[in-house]
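Written below as structure tokens is the structure these notes are about.
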């Protein structure tokens, strides 16, 4: 007998129910995971107040810099160098952009005491400020002389 026309047994029905339930619950949790709230600027400000008193340009010499207290290694590993050589030299927005990358890879544990209020990472792109003088007509900042008549 091939078993094609046999009545399903209780065990095969139970296995099917478990598989279906697992697929529904598993799929539901995946769908919910995609809807996690993103970390807001206010949350980052709260972390900075806790980490550095809200001073985004701080360097106390303890090995951590900036408002969110990046180590030099974490700053470099998460692309901070595209903005500034160290965190305290970067703008608040640039520090938050790097912090979002840290949050995505390390979670709130990157700020073990102060990271509690963070929701989830939000990738951000922050343009680096133009070097001084490049927005002037001449490359050296001097005005460009008009062409001869």
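Including glycine, each Cβ sits where the backbone N, Cα and C put it.
Sequence annotations record features per position, and here TrEMBL assigns compositional bias 'Low complexity' to 131-143.
In the predicted model, residues of the domain 'Resuscitation-promoting factor core lysozyme-like' (38-114) average a pLDDT of 95. What TrEMBL lists as domain 'Resuscitation-promoting factor core lysozyme-like' is 38-114.
Look at TrEMBL and you will find 110-149 tagged as region 'Disordered'.
The signal peptide annotation in TrEMBL covers 1-38.
Secondary structure counts, DSSP: the domain 'Resuscitation-promoting factor core lysozyme-like' (38-114) has 42 helix, 5 strand, 30 coil.
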